[in-house]
Amino acid sequence: MSEKGVKMNAITHNILVKWFCKCVTYNTLINGYCKAGNMGEAFRMMDELGRKGLKMDTVTLNTILHTLCGEKKLAEAYKLLNSATRRVYIIDEVSYGTLMMGYFKDEKPDKALEVWDTMKEKGVLPSIVTYNSIIGGLCQSGKTDQAIDKLNELLGSGFVPYETSYNTIIHGYCQEGDVEKAFQFHNKMVENSFKPDVFTCNILLRGLCREGMLEKALKLFNTWISKGKTIDTVTYNTLISSLCKEGRFEDAFDLLEEMEEKKLCPDQYTYNAILSALTDAGRIKEAEEFMSKMVEMGKLSDQSSQLGKGQDDGTHDNPEGSDSSSIAYSEQIKELCSQGKYKEAMCIYEELTQKGVSINKSTVFSLMDGLIKRRKSTSKAARL
């Protein structure tokens, strides 16, 4: 109007204000329905918004896309994005990035790449956040080589990658079991000013240990320390766990002692790794002694019942590999423990051990936990 020389009066201003208020009201309501998980009402409001000639803003569009992707309604999210394009809504890199990540989480990386290509075709420029999202998604999908292509594209666009971008790719190669490529990429990036941090070290250590290259992992660890680099509890836990799996308990205990000297407090995972390995090796007496010692030193609490459960080493009880008598005895021991009859449970356990009957790991830990609780209550009574 101004360009045509037409002056705006009070009526014109009021019309614009009223239109804007209506848009804001609808967008606010749609946002609210999305956050409440009421997508049916959100879509109803969106249709009403369109019928009245009002426009949905980008934030609201992205909220709906995010909600749909979170509910794994990717077909609806894709349809909405296409219809938004036809309705000339403003779509940004967040809109496309949200749908891309939805496809990655649903293990459909090819669909995610299609959305990426569409975004580029539409002239929507990805931000560094969008680049990091697709790099992370590709690495998690086992397509780390393609993630490298996106990293090169990122560099070509004049962006400076985050340190996490490099770590994500290193982790991707390690997850694929290609530790050699992980180190090649690491070394190349170091030449280009990448400064590895403790996360980088831990990723590489875990990758080496997972592939059975424990000696190389220890060498990397010692090199890292000699250079005065930062290490943390995860660093030690990774090595302690691997040493225990190989039966190198003395070396594991040495690292545990070194860890404590450096004021890096061992956590539940540290003790879990040692206890699980001792139990798997059939060294139950040593596991009991270690656990009791840790309790006396105040290193473990009554939460010790969680030890041996859900450890990230892939070891779990295997009912299929046990005979029916073993399972029955295990259940009997657990039942006695739940009733506080630890002495009877221990008698059954010792009898089974002498007969060579195997008892699953969770039962052993239930028994250990019960004995420790009994010892703590006895000590408390003696003090009274």
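Any Cβ shown, glycine's included, is placed from N, Cα and C.
Just so you know, TrEMBL annotations are computer predictions that nobody has curated.
Over in TrEMBL, the protein carries these features:
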type     : residues : note
COMPBIAS : 310-319  : compositional bias 'Basic and acidic residues'
REGION   : 301-326  : region 'Disordered'
REPEAT   : 22-56    : repeat 'PPR'
REPEAT   : 92-126   : repeat 'PPR'
REPEAT   : 127-161  : repeat 'PPR'
REPEAT   : 162-196  : repeat 'PPR'
REPEAT   : 197-231  : repeat 'PPR'
REPEAT   : 232-266  : repeat 'PPR'
REPEAT   : 267-301  : repeat 'PPR'
REPEAT   : 325-359  : repeat 'PPR'
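Taking the repeat 'PPR' (267-301) as a whole, pLDDT averages 78 in the prediction. Secondary structure of the repeat 'PPR' (162-196) per DSSP, as helix, strand and coil residue counts: 26 helix, 0 strand, 9 coil.
If you look at the repeat 'PPR' (162-196), the same-chain residues 6 or more away from its ends with a CB under 8 A from one of its CBs are 128, 131-132, 135-136, 138-140, 142, 144, 147-148, 151, 154, 203-204, 206-208, 210-211, 213, 229.
Residues of the repeat 'PPR' (92-126) grouped by DSSP class, helix first, strand second and coil last, total 26 helix, 0 strand, 9 coil. Summarised by DSSP class, the composition of the repeat 'PPR' (232-266) is 26 helix, 0 strand, 9 coil. Within the same chain, residues 198, 201-202, 205-206, 209, 214, 217-218, 221, 273-274, 276-278, 281, 286, 299, 313 sit at least 6 positions outside the repeat 'PPR' (232-266) and bring their C-beta atoms closer than 8 Å to a C-beta of that stretch. Counted with DSSP, the repeat 'PPR' (267-301) comes out as 26 helix, 0 strand, 9 coil.
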